[in-house]
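Novice: First the structure, then my questions, so here it is.
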Amino acid sequence: MSKSSKVGMTDVSVPKSAVLKKRNQREVEAEVDESSEEEFEMDGLLDAEASEDDEEDEENSEDDEEEDSDKELNELLGEEEDPSDYDSENFSDEPQESDTRSITDAISGVKIRSLSDISSQDKQEFHTKYSDGSERIIKPEIEPVYDSDDSDAENFNTIGDIPLSAYDEMPHLGYDINGKRIMRPAKGSALDQLLESIDLPQGWTGLLDQNTGSSLNLTDEELELIRKIQQQENTDANIDPYEATIEWFTSKVEVMPLTAVPEPKRRFVPSKHEAKRVMKIVRAIREGRIIPPSKVKEQIEEERLNYDLWNDDDIAVEDHIMNLRAPKLPPPTNEESYNPPEEYLLTEEEKKQWESLDPADRERNFLPQKFGALRKVPGYQESVRERFERCLDLYLAPRVRHNKLNIDPESLIPELPSPKDLRPFPIRCSTVYQGHTDKIRTISIDPQGLWLATGSDDGSVRIWEILTGRQVFNVQLINKEINDEDHIESLEWNPDSQTGILAVCAGENIYLVVPPIFGFDIENMGRLRIESGWGYDTFGNKTKEEKFKNDEGNEDEDDEDDSATSTAVKKDVARWFPPNQEQTKLGISAIIQCRKTVKKVSWHRKGDYFVTVSPDSKNTAVLIHQLSKHLSQSPFKKSKGIIMDAKFHPFKPQLFVASQRQVRIYDLAQQVLVKKLMPGVRLLSTIDIHPRGDNLLASSYDKRVLWHDLDLSATPYKTLRYHEKAVRSIKFHKGNLPLFASASDDGNIHIFHGTVYDDLMTNPLLVPLKKLTGHKIVNSIGILDLIWHPKEAWLFSAGADGTARLWTT
């Protein structure tokens, strides 16, 4: 320790004259204290010195070092002291005698006593005795001092939080409390440093001591302490882990008890709480809620011997979200009584009608009967079958829990306008067209709205005047005596009113007919349109017929050869024939022969192209025919599914193709698939497109009508389920009236109002208007086809009863 730290009383900045005065005062006080034998206490800051001479030499050397270090520090910092800062009174030119004396000389006669001596006297043990005569040791009170805590110990190096790396390029490590430099210890040669890094000394930590700058190593005591902590041993050597056990409480027999509290009365009185519990069990036994095991066995044996036939055998099932109770059978009605009222008994006609129906279509599976007495009722023959069906329903039919919703039924009904405000629409039958001997499959009306064409299973095509119902033209295209398998599947007028061409699909042939009912100009224009294409048909190929005959033997094979030319594909799918003389007299101008039966035909809006559908023709199911060039081509190399219907877009070069479960929209100009609609039905029957081209109607054989908005998703916008049987036909009004109608095998026609708004944010408005009935159901077939008048709100229908009807306002 330095001189300043040992003394602890003088400041570096105090003048020397003041120090000398204090020294003289202390010498006087020391002599007075020595005479009175009073002791001067110092806090153990001065250590014992060997001799006064050695102390003076050491003091002189330290003064020299202090002067040298102060001089060097002033030179580095460039500090200059102003002489005016010092007081002139504290300085004198004459030397003083007391300057040569050291502080140790001044306090040499003082007797120093450390705190350890005081504590050893204060902290003494007193020995007394207990009341029983045993020895009692009273130890001194523990004072909470910081003997072992070094958290507030001051560091020798006073650089604070500055890292030692800041002094790497300097010869010193920092400064002590007096501002002196702490010089860096001398380092050995490079070889010594290498050897030290290879042979690490014991206790090496790799750290540097902040106070000295040398390596910080652990002592043997610290290493031993670390070893004990790692091995979970006691770090204090004074603790004996195997000290002998002293029975402090059981070694001596106690004469008096620890507590002499007398026992309470409740220890000797029966418990009231236990009495309540016992009485609760006794009441349960008396009431039968608790049964002894012996009686339980007796009851089980008695129940086994005395079986109750009419007892409820339902096993109690805990209420759980996964436990769904089986629905109970409905109670018997008056019809099932052995003596029902007369109004429940069936007549002979009703019995025959009930017996003629299929068992699945019957409303009830029994006939009501009347007996005079209960003893006359015979055994029920259907009991075994009903029990068997009940068992099948219990373990095969899925169970669903329907949560009841507290919703006002009137709030679910949309607010629709009144049908009276949406007139005109057809409400009654005004004309019936009779003449066909078999069911009428298809009807069509000419663009002018004057002539109605009908095609029937009797093989004839008839044209009627719509206002009077008079038949003006009749042509027999199929001889039923020779060919009774083919039918008139479809027919449609050419949209061009100046041609008067009627396309009729009969079996595998397509007949282009110009009926002689329009006048010379229109009939001549129609024939010229058809005959102008014969020059384009051959392409100069004389062996056309031979190629077609060779291909007829392979018509069941798939024509998927990608190397075939476009002309060969067009010529292979269909063949155009001119009519013979007899067919010309009937008004037939051209015949197109396909490979399979043609089911549907639809014209393009310009009247030059028409598309046909042959569901059994595989990849050539859809054919596009050109009237002006007598060309037939298949737009698809493969048909995905069985094709049911196909139609052109009203004004875009797009083709709508309906299979059994999907509707695909193709762009004919770019030859790509535009969109695929998913109606979500099992079997589509027909489709129709709104005149604006942004909505589509589809009907299905599973009693559904689907409205698709092409601007929305691929799923239906609305699904209408109001028909009881398969829906055969559905049609939009092609004029300016927002109407559409659907026909079904239930013999009903439903008229709807369907407004499509120009605003894309507004959904179409669908309002049911009228239900028309009049056609008879023959062999479970009702109405087969519908067509709207091109200008008026009139509807034409074709039924299986062999009649066509006009429904007007």
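Every residue gets a Cβ built from N, Cα and C, even glycine.
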Novice: Pick from 161-197, 383-419, 679-715, 716-752: which range has region 'Required for interaction with YTM1' per Swiss-Prot?
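Specialist: It is 383-419 that Swiss-Prot annotates as region 'Required for interaction with YTM1'.
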Novice: Report, as numbers and ranges, every residue of the chain located at least six residues beyond the repeat 'WD 3' (593-635) whose Cβ falls under 8 Å of a Cβ in that stretch; write 'none' if there are none.
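Specialist: Sequence-remote neighbours of the repeat 'WD 3' (593-635) are 486, 489-496, 499, 501, 503, 505, 507-510, 512, 529-530, 532-534, 536-537, 555, 558-560, 566, 569-570, 573-577, 642-648, 650-651, 655, 657, 666, 668, 671, 686.
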Novice: Looking only at the recorded stretches 638-676, 722-762, 778-809, which one has the largest tally of CB-CB distances under 8 Å to the repeat 'WD 1' (435-474)?
Specialist: 778-809
Novice: So which residues does the repeat 'WD 6' (722-762) touch in its own chain, when a touch means Cβ under 8 Å and the partner is 6 or more beyond its ends?
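Specialist: Answer is 419, 422, 424-426, 685-692, 694-695, 697-705, 707, 711, 768-777, 780-793, 795, 797, 799, 807.
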Novice: Of the residues in the repeat 'WD 3' (593-635), how many are helix, strand and coil by DSSP?
Specialist: 6 helix, 18 strand, 19 coil
